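Reviewing the structure listed below.
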Amino acid sequence: MNQTYGRLVSRAAIAATAMASALLLIKILAWWYTGSVSILAALVDSLVDIAASLTNLLVVRYSLQPADDEHTFGHGKAESLAALAQSMFISGSALFLFLTSIQNLIKPTPMNDPGVGIGVTVIALICTIILVTFQRWVVRKTQSQAVRADMLHYQSDVMMNGAILIALGLSWYGWHRADALFALGIGIYILYSALRMGYEAVQSLLDRALPDAERQEIIDIVTSWPGVSGAHDLRTRQSGPTRFIQIHLEMEDNLPLVQAHFVADQVEQAILRRFPGSDVIIHQDPCSVVPREGRKFELV
């Protein structure tokens, strides 16, 4: 699993970096020729794309390193740090767009030949849609937080390019403030995406529990297993591609230790079949030592 995960995530990061670099060159020429503030917004966003995707590429490779003596749980948290760094990059570009857009609203500047800008934006839109489609497939296969953050970033680019097309079309017909208005709206959306991305990264760094649906699946697996009378203290978190799952099983007092170990091992294998690559720790408790109120699951 780790080899497949590493290959897919690395390819997604390389594809994003290459795409952003190519689009940056095209947008520089288009902005120089047209003077459009919307294209300038897209140009700045491409600079941020390159910085973010390069950060992703380096961090993902680091996060895939195996656990060592100093990092016994692995290096998966590096993905969350990459997502947090991306949110900072994106917030900076959004603030730049705010300032540039307000300046052009106050003093609008007609652009040269909007047709060139429209052509460039159509190319950028098509390329970005292709990239997002590939990233979505990688996220579905790997659940990588770093690639998901990158995908959210490029999804905002799709919306941005669509808005730029409308703005350039309106400017072509003489409404020059449309360019700045749409750039301002794009900046607001980008800032919202950045804040959401940063929130998710911080939650991961704080060891937020797995989603309710996944925890419920773990509960269903454990409670349906023969020989398990109950369970409690389910604790979960995720670091990179690895889920960490801890749970206490309640078993009959007179169950031999060997049999208790066998049941716990079978439960562990069942959880691993559902969540491959997880780190599962199971503790066995005699029913008599578990308080009555502890017989139910406590989702921690």
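The backbone N, Cα and C atoms fix where each Cβ goes, glycine too.
Listed features, source Swiss-Prot:
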TRANSMEM  24-44  transmembrane segment
BINDING   Asp45, Asp49, His153, Asp157  Zn(2+) binding site
TRANSMEM  82-102  transmembrane segment
TRANSMEM  114-134  transmembrane segment
TRANSMEM  156-176  transmembrane segment
TRANSMEM  178-198  transmembrane segment
Best-contacting stretch, by C-beta pairs under 8 Å, relative to the transmembrane segment (114-134) and drawn from 24-44, 82-102, 156-176, 178-198: 156-176
Asp45 (Zn(2+) binding site): tally of other CB atoms within 10 A of its CB: 30
Intrachain C-beta neighbours of Asp157 (Zn(2+) binding site), sequence separation six or more, cut-off 8 angstroms: Ala42, Asp45, Asp49, Ala124, Thr128
